[in-house]
Structures are given as C-alpha cells and as structure tokens.
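Presented below is the structure to which this report refers.
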Amino acid sequence: MQPSPLVIANWKMNGNRQLVQQLAKVLRESQADLTEVAVVVCPPAVLLPAWQQEVFYDAIHLGAQDLNEHASGAHTGEHSLALLHEAGADYALIGHSERRQFYGDSGQRVQAKVDAVLSYQEHLFKLVLCVGEHEQERDAGRTIEVVQQQLEEALQNVSAAQIAQVVVAYEPVWAIGTGKTATPAQAQEVHAFIRQWLVQRFGAAAQQIPLLYGGSVKADNAATLFAEADIDGGLIGGASLEAQAFLEICRAAQAQRG
Ligand SMILES: O=C[C@H](O)COP(=O)(O)O
C-alpha cells in the first residue's frame with residue numbers, strides 16, 4: 001500500500017490574515033473533492049492562531065516552518081514546540097534549504113531539531129525533513145551522495161518505532177522559487193533512492209513514509225510529478241500563496257489516489 005497523499009503549503013515569510021481567510025474558504029468549499037489528501041499549512045508562526053480559527057475538518061493540519069530545539073529559555077525570536085503546539089501546529093518543517101543556507105542550520109542543528117520533535121510528548125508532532133542538493137552538486141554528479149549524507153545525519157538517533165512520525169521532502173535547491181522544476185524522472189530517481197535508504201535503515205514500515213517533492217510545483221506540473229511511483233505529494237512554496245493554484249495542486253494529489 002502506498003502512503004496517503006500529502007500536500008504542504010509553506011508560505012515562508014509571506015501571507016497575511018486576508019490570505020488565511022481566502023485559502024481557508026477555497027479549501028472549505030472544496031473539501032468534498034479532497035477526501036484522500038491530507039493538507040498541511042505552514043504560515044509564518046504569528047499567523048498560526050488565525051489559521052487555528054479556520055481549521056474546520058480533520059484533514060487540514062497546521063505546521064511550523066521551523067522550531068527551536070530547546071524547551072524554553074533565553075532564545076530571543078525563537079519558538080519552542082510547546083508554543084507551536086499551543087498555536088495549533090502538529091507538523092514541523094526541519095532543515096529547509098533556506099534555513100540551512102541563510103540561518104545557520106548545520107547538519108548537527110537539523111539533527112537536534114529532529115530529536116527534539118521525536119522526544120516531545122510522544123507522537124504529537126510529525127516532522128518534515130527537507131533534503132536536497134545545490135546545482136553545483138548535481139552538476140558534479142553528487143546528488144545521491146548529498147541526500148544520503150543529509151538523511152544519515154538528521155535521522156541518526158531515530159528508531160524504527162519513531163519513523164512513522166517522519167515525512168521526507170526532497171527539494172533540489174536549484175528548483176526552489178526558480179521556476180526550474182526537476183523533471184518527474186529526475187525527482188523520481190532521488191525519491192526511489194530515499195525510499196530504498198529508509199527501508200534499509202528502518203525496515204518495511206518505511207514504505208509508508210510520505211515522500212514529498214518541492215521546487216517550483218505549480219498547478220500545471222503537479223499531476224505529472226505526483227504520477228511518479230515514489231512521489232506522494234508536494235511541499236509547495238510560491239503556488240501556495242494563490243488559493244486556486246494550491247487547490248489545483250491538492251486536487252492533482254487526490255486524483256492520483258482518488
Ligand atoms: O518549501 C517549499 C519549497 O521551498 C518550494 O518553494 P517553491 O514552490 O516556491 O519553489
């Protein structure tokens with residue numbers, strides 16, 4: 001059995017209360033078409049409470065774009081899991097390439113955040129581990145090596161029992177926000193590797209881990225990407241800021257399994 005389709009909106013540092021209402025309205029009106037797909041919205045943390053008021057059915061979840069691995073204390077500007085939980089989140093993105101590249105999230109820090117989620121009130125949060133290569137790494141034929149290293153480092157303390165809380169998002173850095181989508185074949189090749197690595201490391205239960213593709217997914221390319229055997233949905237940036245485009249992407253995920 002394949003994992004259930006999952007589509008995640010990552011608003012990054014965009015959006016406002018008006019967009020919360022717009023997207024919530026579109027999703028609410030279309031819920032009958034989205035019975036098979038789980039939808040997670042990761043707005044800026046300050047908009048989580050606004051989303052919390054709009055969450056209307058079980059298939060919609062809220063997620064944090066990042067978290068601090070400490071439980072509390074002197075960490076100005078940061079958000080603990082407890083704060084994020086109180087604001088309605090039960091998913092957390094970890095290791096997004098923008099955090100790795102611009103905000104100092106080393107492999108070690110990513111690992112600490114993974115461990116924090118998995119040791120926080122058992123099974124409460126799901127984590128979405130983002131991995132992916134830079135363009136020069138792809139050009140040098142190092143894509144699989146880079147992705148493997150990111151997986152090994154981030155998941156080194158994770159047990160087979162905890163793997164059900166994990167989602168992996170493959171996001172080639174060169175495809176993020178550039179309009180240069182990986183071809184379905186390029187994405188599938190890396191997803192197949194990730195699936196095989198997870199199964200080898202965690203056993204058959206890893207077959208059920210959703211593997212998402214992210215990087216310039218749009219309404220017009222989502223269906224061909226999601227048609228690939230190991231692509232179970234998407235992590236959507238720019239197109240998640242347009243309610244209709246995001247809905248079409250959710251519909252494309254649903255259509256693969258509907
Ligand atoms: O988290 C989302 C990804 O970084 C993809 O962003 P994008 O859809 O704007 O390329």
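Every residue, even glycine, has its Cβ placed from backbone N, Cα and C.
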For the substrate site, TrEMBL lists Asn10, Trp11, Lys12, Gly177, Gly237, Gly238; sort out which one of Ser72, Ser80, Ser119, Ser216 goes with them.
Ser216
Measuring Cα to Cα across Asn10, Trp11, Lys12, Gly177, Ser216, Gly237, Gly238, which the record gives as the substrate binders, how far apart are the two most distant ones in Å?
14
Same-chain residues at least 6 apart in sequence whose Cβ lies under 8 Å from Gly237 (substrate binding site):
Asn10, Lys12, Ile176, Gly177, Gly214
Of Trp11, Lys12, Ser216, the binding-site residues listed, which put a C-beta under 6 Å from ligand 1? Please answer none if none do.
Ser216
For His96 (active site, electrophile), find which of the recorded positions Trp11, Glu171, Ser216, Gly238 come within 10 Å, Cα to Cα.
Glu171
Within the chain of Gly238 (substrate binding site), which residues six or more apart in sequence place their C-beta under 8 angstroms from its C-beta?
Gly177, Ser216, Lys218
